[in-house]
Every structure is written in C-alpha cells, then in structure tokens.
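Undergrad: Have a look at the structure that comes next, please.
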Amino acid sequence: MEWVVAAVAFLALRTDVASASVTFWSASNPLIDGATLYAATLTSFVGPQPEDRFVHITGEMVVLSDVDLCNRATIPKDLVAGRLVLASTDAVSAMSCSPETGYLNMYSSGALVLMLPIFGQTPSNSIYWHDGTKGARTRHLPMLCLQIEPSTDLYGALASGTAPVNVTAFPDENVFGPAFASWQYQVFVRAVPGACLIASGVFAVIFLVWHVAIINEDFYAEPGRRRTLRYWLAFIRARLRLAHAILAVEMFSSLLPGVILLVGGYQSTPNVSAPLLGYFTTLFGGWSFVASLASASVWFNKFHDILPGRQPSVISRIICGEYRSISVLLCLVPIILDTSMSVCFALYYYPPMLMIGASTTMFLLQFVVGSHVLLGLTQYYRTAHTIQSSVGGAAGHDASVDHLLRRLSWCALGMSLSMLMYCAGTAVMGISLDYVFTPTGFTLVWALINNGRALDSAFRTAMFRPGRRHPMSTSAGEVHARLVNVLSRFSK
C-alpha cells in the first residue's frame, strides 16, 4: 500500500509550465512570427528574477554561433551590444564554465538578454546552481539570462538568420522550484537516501572497530605471545579479511556523500556550490559497485562452501574472483568511470560519450551482479527452507542457525533488490531523457537511483555486522560450523 501512495504522490507533482515569457516577431517568416516559449532564468543567481517584478525587454535578436561563451575575447561586442542574443546550441553544449562566468562575459559585451536553447529538457533544473558566491557578482545586474526549449523547426528558422527577428522577453516562474520544494522530492530524493547513507557510514565505522576489537582480544588472549607493536600489527594484518575492506570502503563512500546529499538537497537548495554538487552527483557509485561486487563474492563463496556439490556458473566464478584479470577490471573500470564523471561535472564539463558510456556500463554491471545474486538467493532460500523444516522436525530447533540464515538471507536480498532499483532509475534515464528532465521525471528517476544506492550500502554494512555476543565469544564460529555441517548433509 505504501508503494501505491508513493506512486500517486509522484504523479501529483506539477509537470505543466507557466505561460510563455519569450515571444518572437518576424513579418517575413510565419513560423517565427508570434511563436512563444516558456523561459526560466538559467539560475536564481544570475540577473533579474521573476520576484523582481521585471519589466519585459523588447528588441532586435541576433544569433551567436562559433563562439566560446566562457571566453570573453571570442564574443563580438559590436554584434551583441544592445541586442537580445540567442546562443547556438553548439555554443551552449560547449559551455564548460560556471553560469556566472558565461553571464559576466556576455554582460561585459553589452547584451540585453542571453537566451540559451536546449532540446528535450524543461528549463531549468539548475535553478539553485552557483559557484560559491551565491550571486554576489551577478544577481543584481540588469541583463536577463534565460533558458528556452524551442522545437527543432523553430530553432532552425531562428538560427538561419534569413529574416530579421524581434523578441519580447521576461523571466518566467521556474517550474522546478515547486517540484524541488515538494515533500515528495525532499523525502524520497533527499532525506531518506541521505540519512540512510550517513547511517551506513556510521555503522561501518562501528562494525569495523568492533571487528578489530575482536581480533585485538584474541591477540591478548594467547598466552606467551610477545606484546610488541610489531607483533600486534602482524597479528592484525594476518586476520584482516574482505569484509573489513568492504566496511572500510563504506566508511568514506557512504558517509561523505550522505552528508552532501542531506545538506545540499540534490539540487533542491543553494546550500552547496555547483562544483561540489557536481562532484557528488553519482554518490560515489563506482566505489559502491566495487563494494557490492566484493559483498556478492563473500556471499557466493559462503554459498558454494555450504553446498560443495553444486557447480558454480561462470558469472558466479567471476564474482568470486577466480579470474584475476577480470576481477581487477571489474574493480578499476567502475571507479575510473565514476571518478572521471565526478571530476568532469565539478568542472562544468559534460562529455556525451563519457556520460553515455559510464551510465551504460554501470547499468549492465549492476544488473548482472544484482540479478545473479537474486537468482542465487532463491536457490539458497529453497535449500534453507528444506533444511530448517527437517531440522525442526527431526533434530530440534537451533535458534542460532535460524538467526544466521535470516540475517544473511535478508541482507543478500536487500542488496540485490537495491541494485535493481538503481538499474530501474538508470533505465528510465536511458529510455526517455525528455521525461527525465521534467519535474516529475527528475523526482522519480533520482528517487530510484539515490534510494537504490543508499539501501545498497545499508544492506552491505548489515551483512558484515559482528556477532551479537561479547567479542571473546566463539559462538558465531560454532554456529557457522553447525550450519555448514547441516547444509552439507542435506545437500547430498
């Protein structure tokens, strides 16, 4: 029932746009004459805003192409001074600087209005972007900076420059403002995944310290052992396992992105600068996948140890690390792609090939590993159910075995479903970018991706929680030994 309510809430978000705020006039071209477009300010920190009660500007339009909006020297002042400037789509896509820099470059050239055309996006989800100054240099300047979404036919007619065009422009209300302020966005995109990531990072620290405490007490429990720092470090190092590495990765890959997500609101507030926001857009998804792969490796190794008669599939063997070169690639490629995207986004650079390649790669990797863990889990559930029924009826009920079965099963199930939730959001993004960049689509897609990412961390962390009893107790090992013996007997 909760999912139905959530779905209805998402659909209740406004997707309409306000009345048009840019009108084109051309007596010689009927396609252009009277055409109107919704236009929002590029950000709320550059130029006049709707709340300023700005009086519209009417004037001659000029099309600006073959220029670098980030380089003031390439902007022809004699062409743009006193005019309303329509930048070409090539100039907009090549813009790799902050909105403030591009705005100031055009303002210094004397333009009255700068219009930035985009295709397949509702203007403008960058409403709260800023370079850290929060508009100290640009907010009160008189030049308008608008983002518009013309049709390809209208843009072609405007960009051809074959007919003189006049424009009337004023800033419209940004439809992303109400969407970002809605409870749906604040809860599902910001609060829940942000809090979940922070909690995962905190518990990863606690569990890792707990694991080290267990090893430390084992060190001091052995009689006759030398108590020097050198021997202590060697003892600790010899007992570190993959689980400890996963918890260490969770410490930084969950805690820091969670704080940024909760404070910054994932573009819904001006609390975080655009470069910092861009760097944490992926929420360290590459590191998250590596931790998921390692967790799946631990799971499948346990599964195959318990049921040695089963022949593991090729994918299971790859996940378990039997092919070293492939394992290294599966760790390095996601981290390199994710880090490259983070650095590019922090520099206002959005290379299409990198974005498409990285998104596709992450989708395929997450889907293959997540679905394979889910498939292995169904086999495990069937076996565990049979064993629990048989043990309960014949050999008495072992609560410790039941508890271990439940914890491993739920953590593996949650991890696999979280990975598939992440894939669902990525799939929607790949199927329809036009929908993604509407207020409703933006909320839905990032709710799926962010919650999938956050829950993945939560279940991974819970998977490696130490035993409930005192660290000196060996009951956890005894439970695992009994579980292996029972499962091995019933799998024959």
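Cβ atoms here come from the backbone N, Cα and C positions, even for glycine.
Straight out of TrEMBL:
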SIGNAL    1-20  signal peptide
TRANSMEM  197-221  transmembrane segment
TRANSMEM  242-264  transmembrane segment
TRANSMEM  276-300  transmembrane segment
TRANSMEM  326-350  transmembrane segment
TRANSMEM  356-377  transmembrane segment
TRANSMEM  410-429  transmembrane segment
TRANSMEM  435-455  transmembrane segment
Undergrad: If you count Cβ pairs under 8 Å, which stretch among 242-264, 276-300, 356-377, 410-429, 435-455 touches the transmembrane segment (197-221) the most?
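TA: Stretch with maximum Cβ contacts: 242-264.
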Undergrad: Kindly say whether the transmembrane segment (356-377) and the transmembrane segment (435-455) touch, using the definition of 3 or more Cβ pairs under 8 Å where each pair is 6 or more positions apart.
TA: no
Undergrad: Between the transmembrane segment (410-429) and the transmembrane segment (276-300), are there three or more C-beta pairs closer than 8 Å, counting only pairs 6 or more apart along the chain?
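TA: Checked: the transmembrane segment (410-429) vs the transmembrane segment (276-300), in contact.
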